[in-house]
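Asks: Structure below; questions to follow.
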C-alpha cells in the first residue's frame, strides 16, 4: 500500500517538470532567444503544435517500440541516446524534455539538415509526420497571423 502513494508522488513530480507553451509564446521564444528567421519559426511552431501540443515533456511510444521525446517529438531510434538507437544528436533523450529547449532545437536542426542531405534541399521538415500531414500544405503565414503583426518581421503584436 505504501508503494501507491510514492508512485503517485513521482508521477506528479514528473508532470510538474513539463512546460506547455502557448503558440505565440513559443514563436516569441524562437525569435528572441534563438534568432530564427520567420520562415523557420512558422515551420517549427506548426510542427511543435501538432507533434506535442507545445509540451516540452511530451513522450510517445511508437509501434516499432521506439519513443519520441520533447516538444519536437524526436525519435530515439536514430537521434538521441538510449539503448535502442544511434544517438546522432549526441545527447541523452531526457535532454529533449527540458523546459530549456536549446538541446531540443539543436537536435531538431540536426534532424532537418540530415533529412535535407538525404531527401534534397527544402525537404528537411518532412522528417516530421505532423509537418507532412498538418503543415506542408497549410498557409503558415495565415496560421501565424495571430502572433505576427502585419507588415512587420516581428512577432510582437504592437
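Each Cβ is built from the backbone N, Cα and C atoms, and glycine gets one as well.
I grabbed these lines from Swiss-Prot:
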- 51: active site (ACT_SITE)
- 68: active site (ACT_SITE)
- 24-147: disulfide bond (DISULFID)
- 46-135: disulfide bond (DISULFID)
- 80-93: disulfide bond (DISULFID)
- 89-107: disulfide bond (DISULFID)
- 19-150: domain 'C-type lysozyme' (DOMAIN)
- 1-18: signal peptide (SIGNAL)
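I'm curious about the neighbourhood of these features; can you describe it?
Replies: In the three-state DSSP classification, residue 51 (active site) falls within a helix.
Around residue 68 (active site), taking its Cβ as the centre, 23 other Cβ atoms fall within 10 Å, counting all chains. A strand conformation is recorded for residue 68 (active site) in the three-state DSSP classification.
Around residue 147 (disulfide bond), a 10 Å sphere centred on its CB holds 21 further CB atoms from the protein chains shown.
For residue 135 (disulfide bond), the Cβ neighbour count at a 10 Å cut-off comes to 22, with all displayed protein chains included.
Other C-beta atoms found within 10 angstroms of the C-beta of residue 80 (disulfide bond) number 29, with every protein chain shown included. Under the DSSP three-state reduction, residue 80 (disulfide bond) is assigned to coil, being neither helix nor strand.
Counting only residues at least six positions away in the same chain, the Cβ atoms of 74, 79, 80, 103, 106, 107, 110, 111 sit under 8 Å from the Cβ of residue 89 (disulfide bond). Annotation note: residue 89 (disulfide bond) sits in a coil segment as assigned by DSSP.
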Asks: Could you check which of the recorded positions (46, 51, 93, 135) sits closest to residue 24 (disulfide bond), going Cα to Cα?
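Replies: That would be 46, nearest by Cα distance.
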Asks: At a 10 Å cut-off from the C-beta of residue 107 (disulfide bond), count the other C-beta atoms across all protein chains.
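Replies: Its Cβ has 24 other Cβ atoms within 10 Å.
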Asks: Looking at the disulfide-bonded residues 24, 46, which one has the fewest other Cβ atoms within 10 Å of its own Cβ?
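Replies: Relative to the other disulfide-bonded residues in 24, 46, 24 has the fewest Cβ atoms within 10 Å.
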Asks: Return the count of C-beta atoms lying within 10 angstroms of the C-beta of residue 51 (active site), excluding that atom itself.
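Replies: If we count other Cβ atoms within 10 Å of residue 51 (active site), we arrive at 23.
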Asks: 10 Å Cβ neighbour count around residue 93 (disulfide bond)?
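Replies: The Cβ of residue 93 (disulfide bond) has 23 Cβ neighbours within 10 Å.
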Asks: Can you tell me which of the recorded positions 68, 93, 147 is spatially closest to residue 135 (disulfide bond)? Compare CA atoms only.
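Replies: For residue 135 (disulfide bond), the closest Cα among 68, 93, 147 is found at 147.
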